[in-house]
DNA sequence: ATGTCC
């Protein structure tokens, strides 16, 4: 093939974006008989003075993509941000507040809130909650669409965590997959029969990889762990007596499927919804357009896929333990829902790193690998848009953690906490997270604690090579 | 978060 690649175009000064795709498509369809060098020379000329090519029969589309958007096409932000409630403001970095302020100046924004674990992300901060009218913002859902917490409680004496920790480690090794590893023979799941895999072209192209990644956990802050739950609330929804239970807790999302869906529709949104520079990642899709409806379907599929992965993870653990769980709690914390506002109007509530906490709704808020997590019951606080934090929140960046922490220091910390960790890196060490108890303190109005989970045997993505048995 | 780039 003579066609220049995206890399070639970047080398001659093209910026990442839709112009590259248009340029390659044009070269393929209209200039394929020229040498690659000749094609690149044409593309360089258009890049140098796109205005000269606006009337060109072949190159007009490329010229248009290269010119800055006309001023009148840019949707102005409101002069002042709409008001919103911040929980635990003292512990939230300025970058996250700035991003939330920008989000509250979008013309489609109706209401918002910032959770006490908030930190800077792409577009909406992580820990940001945003209600909009008839619009969905892919980057206010997040890249890992449908990222989930899931917990199973067992009628197994929690002493097993000390007495048979080697067996439990073996169970984690054999029944979970991290990083690029997947199961050699993925278990079938009804999710793969969903019509969206046939009807939405982008989703169709992701089906094979989605199948291969079923039941896997990925990387970053994702984990599967065993620990002990102390159930405090005698009126708990599980109908269980208070006391201690062996528990399995997992945190992971929609893997490559959701990431690719997020990337695809963010790009679409940014092309059709031009916003000032500081708000460009908050581009939305109108839910009354074909693209908006398609994203909604794809997002829901990714959410259900993430959930399916958790079901397989917990299913494998249950089989290995030889027991069925007494109770299961599960919630998304990167997602958008259609909900009603106080006046009864439908609004789109985006929670990007925030736990749904409507009245009586159960959820899980993890701490870190060596600090408690909580089974919580939402209080339905309107000012938080029925939301709570999705964890403790970082106090140290991944980069800083790798630069300042040492392996012996982290190992000692874990040893003193009585936690065994398979995999992971310094960037997920307990000290990179805020004090979860303080975070819970900041959201007393949002959730009540039903139970406390103490992690004991943790598996995360890491460099270490362990033997996995398929 | 992500076969971590179009």
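Using the three backbone atoms N, Cα and C, a Cβ is placed for every residue, glycine included.
Positions annotated as active site, GMP-histidine intermediate by TrEMBL: A:390. TrEMBL lists A:144, A:222 with the feature Mn(2+) 1 binding site. What TrEMBL records for A:221-225, A:333-334, A:366-369, A:390-393 is GMP binding site. If you look up TrEMBL, you'll see A:251, A:333 marked as Mn(2+) 2 binding site.
Here the features listed in TrEMBL are painted onto the structure.
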residue	record	CB count, 10 Å
A:144	Mn(2+) 1 binding site	24
A:221	GMP binding site	22
A:223	GMP binding site	26
A:225	GMP binding site	27
A:333	Mn(2+) 2 binding site	30
A:334	GMP binding site	28
A:367	GMP binding site	23
A:369	GMP binding site	25
A:390	active site, GMP-histidine intermediate	28
A:393	GMP binding site	24
Residues with Cβ closer than 8 Å to the Cβ of residue A:391 (GMP binding site), same chain and 6+ apart in sequence?
-> A:117, A:353, A:365, A:366, A:367, A:433, A:436, A:439
If one measures from the C-alpha of residue A:144 (Mn(2+) 1 binding site) to the C-alpha of residue A:225 (GMP binding site), what distance in angstrom results, rounded to a whole number?
-> 20
Quick one: Cα separation, residue A:225 (GMP binding site) versus residue A:390 (active site, GMP-histidine intermediate), in Å?
-> 17
Which of the binding-site residues A:251, A:333, A:334, A:369, A:393 has its Cα closest in space to the Cα of residue A:222 (Mn(2+) 1 binding site)?
-> A:251
If you draw a 10 Å sphere around the Cβ of residue A:251 (Mn(2+) 2 binding site), how many other Cβ atoms fall inside it, taking every protein chain shown into account?
-> 25
For residue A:369 (GMP binding site), identify the closest of the recorded positions A:251, A:333, A:390, judging by Cα separation.
-> A:251
From the binding-site residues A:223, A:333, A:334, pick the residue whose C-alpha lies nearest to the C-alpha of residue A:390 (active site, GMP-histidine intermediate).
-> A:333
Tell me the Cβ neighbour count for residue A:222 (Mn(2+) 1 binding site), meaning other Cβ atoms within 10 Å of its Cβ, over all protein chains shown.
-> 23
Integer Cα-Cα distance in angstrom, residue A:251 (Mn(2+) 2 binding site) to residue A:223 (GMP binding site) = 5
